[in-house]
Amino acid sequence: MGLSDGEWHLVLNVWGKVETDLAGHGQEVLIRLFKSHPETLEKFDKFKHLKSEDDMRRSEDLRKHGNTVLTALGGILKKKGHHEAELKPLAQSHATKHKIPIKYLEFISEAIIHVLHSKHPAEFGADAQAAMKKALELFRNDIAAKYKELGFHG
């Protein structure tokens, strides 16, 4: 299930574009997630009061959390599948503290793909999208394995 060097190159090439504005990209990803899957908003006490897209766009906290999410994901992607050290604390917090189901990680993966395609169509064509989907699936599978080790079946 690993990615080839060429696939990692495609993933990290577009990720370089994301890193020019992590907070902005992250905010867009979270807005897309919450609009497409409103049930995910219930996992975020800090954001439950944000009922409209305008509210979400005005929220500095949402922007900051988007930055946090994409910073963590970028750190994992840059490890090219060798992300055990980065993944363990993330899985621990998402399983035991936040209780985030794997399904929600699928939802945010979809949101990431959508946002990257809309913001960077030239760098995120079919091959790059396929590579990113594969990288995100690798991440989710590894998180799911950690969840299982922790006894969380979300």
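Heads up, the Cβ atoms here are built off N, Cα and C, so glycines get one too.
Among the features that Swiss-Prot reports, domain 'Globin' is placed at 2-148. Sequence annotations record features per position, and here Swiss-Prot assigns phosphoserine to Ser4 based on similarity to another entry. As annotated by Swiss-Prot, nitrite binding site applies to His65. As annotated by Swiss-Prot, O2 binding site applies to His65. If you look up Swiss-Prot, you'll see Thr68 marked as phosphothreonine. Positions annotated as heme b binding site by Swiss-Prot: His94.
On a Cα basis, the residue listed as 'heme b binding site' lies 14 Å away from the residue listed as 'phosphothreonine'.
Taking all protein chains in view, 10 other C-beta atoms sit within 10 angstroms of the C-beta of Ser4 (phosphoserine). Counting only the Cα atoms, the space from His65 (nitrite binding site) to His94 (heme b binding site) is about 14 angstrom.
Rounded to a whole number, the distance between the Cα atoms of Ser4 (phosphoserine) and the residue listed as 'heme b binding site' is 28 Å. The number of other CB atoms found within 10 A of the CB of His94 (heme b binding site), across every protein chain shown, is 22.
Helix, strand and coil residue tallies for the domain 'Globin' (2-148), in that order: 117 helix, 0 strand, 30 coil [DSSP]. Across the domain 'Globin' (2-148), the prediction's mean pLDDT works out to 96.
It is His65 that, of the recorded positions His65, Thr68, has its Cβ surrounded by the most other Cβ atoms within 10 Å.
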